[in-house]
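Here is the structure we will look at.
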Amino acid sequence: MKGEMKSLLKLYFIMGSQDCQRDPRDILREAIHGGITCFQYREKGPHSLKGFQKIQLAKDLQLICKEHQIPFIVNDDVNLAQRLNADGIHVGQDDLNIREVVNRCKGMIIGLSATSVEEAIRAPFDSIDYLGVGPIYQTSTKRDAKRPIGLAGLTKIREVALDFPIVAIGGINTRNLKDVLQAGADGGSFISAITAYPNGTQAAKQLYNASM
Ligand code: TZP
Ligand code: MG
């Protein structure tokens, strides 16, 4: 189970409409063809969709994931995850209480963010499936991101988490992915390293190559 989780985390693509200059459906299809192993729908922040439009886009992206057997994980929105019967839910420390998420999302993959060693130590490892750790580097994608913890911070979290599945986040790209994996992450997650490129297939393939 842990091994399976780790392989799903290898190339973890995160996206919402606010991250895209073109149709998110096309970007997701391209990224899947390029080799991503997991997808998180994160509709959040300035210019994000609300209500019906958010649900509609979620359904479209979920269908694309289903067609290619890629896990579809919802960020923050437990109601949406339940309504769509998503494969998973990811929450941050300031979102819902993790115990409540665990109770409401039985059977789903559950991811929790940790932005420091202290948060990682407090994580309920017995009831979640993976930790999202970061930001590792400076990012301009998330306005309220905490201070980057760097590779040293990641390695410290790896030490307290023992062999628990960890995916790193924040400023990860083709140039630094290998370092992040060597510092202890099982995989890298990315927004702009895919959404900022005109060809999502090529962007994902280059990330895949960089991970090898
Ligand atoms: N959480 C911490 S950093 C971040 C999130 C959602 C943004 C990651 O985006 P990018 O473009 O891969 O740096
Ligand atoms: Mg969150």
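Including glycine, each Cβ sits where the backbone N, Cα and C put it.
Whatever TrEMBL says is automated annotation, not expert-curated.
Lys142 is the only one of Lys6, Lys10, Lys142 that TrEMBL places in the 4-amino-2-methyl-5-(diphosphooxymethyl)pyrimidine site (with Gln40, Tyr41, Arg42, Glu43, Lys44, Asn75, Ser113). As a whole-number mean, the pLDDT of the domain 'Thiamine phosphate synthase/TenI' (11-194) in this prediction is 97.
Figure note: comparing Cβ neighbours within 10 Å for the binding-site residues Arg42, Lys44, Lys142, the maximum is reached by Arg42.
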